[in-house]
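*Asks:* Before I ask anything, let me first share the structure, which is written out below as structure tokens.
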Amino acid sequence: MSMNIIMVLLVASVQAADYTNEDSAYWNKIGDGMGISTITSARIYKGQKRGVGEGEKLSFETFPTVGLSKTYSVNTQVTDSAASGTALFTGVKTNNKMIGLNAKAEYNVCKTSDKDLKVDSIMKWAQLAGKDTGIVTKTRITHATPAACYAHTNNRFWECDSAIPPQYRDCVKDIARQLVEDEPGNKFKVILGGGGNQMGLKGLSGTIDDGCIRTDSKNLVQRWKNSKNNSVVVTTNKELMDIDINNTDYLMGIFSVDHMYFAGEKWLKSQDQPSLVNMTIQAVNILNKNPNGFVLMIEGGLIDIGHHQNFAKLALEDTLEFEEAVSAAINLTDKENTLIIVTADHSHTLTINGYPLRGNDILGFASSENVLELHFSPVYLSYETHGGEDVAVYAQGPSSHIFSGVYEENYIAHAISYAASIGLHAKLREDCNENPNLNTLKMTKNTSAFVTSSFPRLFYFIITAHVQHIQPFFAHCALRFFLLFGAFFLGVTGSRQCGSFQSQYKACLLTAAVVLCV
């Protein structure tokens, strides 16, 4: 039986199997910028539209597992989407504005040695395991969050050739070219979103946000199509819904010159852009054909854009559309073999305050009868910022229990690796599959074998993933070494239950944090 993973970003969703099943689909659903206050507001907003009020529930709030993710990056207390996307999809935290590189890389400066600082994503791990992969977003497909699934770049804004400084154009490809030309992007079976300007596709409508425009005359969409068998390119909702699933192996949909329209911009429906729900449905239909399962990232990216532009209602409307996409994913898959993870890459500064009465319009004022009450900030911000608080993680399906608790954001990628038996921790999961009742993992005194056995191997990878963020300081090298080596043996002698992956990982992560903070 296959296993699927779906990550949905607003929140994320992943599809996974039980301990004896390695071939499943994973859904990772990401609600970009969907902090807890956004979830609460959207829930009330939905309830007020339906006449239920504050007692409403969102579909993913019924998931059995809930956790909290700490989103700070290596260099900032409040992360951006590039650093958080890298943490979510690669298991390695990095600096703001950088994608797919560890923190030893320098922002906005490309060096040939940066090739040694690249970190692989869960998409690469899944492809090596024989699973199909795809991305769905309402932002540009080259925007920070989707790009973190496939790209490696010193600047998140290097989305097309014109954005890269001339002196670095021989050092790094623009993000759009990486999607079409390099692994894992060029092996995606599904790519749906905006970004016509970045891909060199002419004739699309839409409004330009902050994206660049290609100047090298490359039509990357046509290049992508020419390189694939049974490939289909669509630019409208009708074309998307009319595709022949059985005769389509690769699907690319580019529906706007830049970001797509907000769900709340109903007056623009004539533009025939698909909803996040329709994109999700067709993506699953394509990926479901692989008997080995799939990994799909679905991003509600305009939640973040709405918040940045201070459009609370538009942000909430897109949150509700995101929730509908989660519901569609649930209905299209078997929860016994599908791990769905819903999470945000970061929060926003939306707040609910003022002691409003029950039933008060969630988009209204709290106490308008008080003439002395100030309803507006005394300082106007044309561009709202991210929030630094922890974000919620909701999980449903096999192995969903390892997503409970409070943990670092990059833990999520490691947990997916274990749950899906892909990437770094596939060996650990295989050991547990072979010996589900094993209480203690066998160790050997041989050093080389020692660090490749299950628990030490897990410890080694986690420490490596964290230590590589930090530029080494000679004065602390000896101290770090003894802390690391001592903690290693403490970890080896600790509990090694097959079902306690999360506790093992957290113990290692705590030790890594101590090492890095000294």
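A Cβ is built for glycine as well, from the same backbone N, Cα and C atoms used for every other residue.
All annotation found in TrEMBL is predicted automatically rather than curated by experts.
So TrEMBL says this about it:
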- Ser81: active site, phosphoserine intermediate (ACT_SITE)
- Asp32, His143, Thr145, Glu299: Mg(2+) binding site (BINDING)
- Asp32, Asp304, His308, Asp345, His346, His386: Zn(2+) binding site (BINDING)
- 1-16: signal peptide (SIGNAL)
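Have a look at these and tell me how they're positioned relative to everything else.
*Replies:* For the recorded site, Ser81 (active site, phosphoserine intermediate), the DSSP three-state label reads helix. A sphere of 10 angstroms centred on the C-beta of Ser81 (active site, phosphoserine intermediate) encloses 29 other C-beta atoms.
DSSP gives Glu299 (Mg(2+) binding site) a strand state.
Its own atom aside, the Cβ of Asp345 (Zn(2+) binding site) has 34 Cβ atoms within 10 angstroms in the protein chains shown.
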*Asks:* Closest to His346 (Zn(2+) binding site): which of the recorded positions Ser81, His143, Thr145, Glu299, going by Cα position?
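*Replies:* The answer is Ser81.
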*Asks:* I'd like to know which of these binding-site residues, His143, His308, His386, is least surrounded, judged by other CB atoms within 10 A.
*Replies:* His308
*Asks:* Near His143 (Mg(2+) binding site), which recorded positions out of Ser81, Asp304, His308, Asp345, His386 have their CA within 10 Å?
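*Replies:* If one measures from the Cα of His143 (Mg(2+) binding site), the recorded positions that come within 10 Å are Ser81.
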*Asks:* Of the recorded positions Ser81, Asp304, His308, which one sits closest to Thr145 (Mg(2+) binding site) when you measure Cα to Cα?
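*Replies:* Spatially nearest to Thr145 (Mg(2+) binding site) by Cα position is Ser81.
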*Asks:* Take the C-alpha atoms of Asp304 (Zn(2+) binding site) and Ser81 (active site, phosphoserine intermediate) and report the distance between them in angstrom, rounded.
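*Replies:* The Cα atom of Asp304 (Zn(2+) binding site) is 10 Å away from the Cα atom of Ser81 (active site, phosphoserine intermediate).
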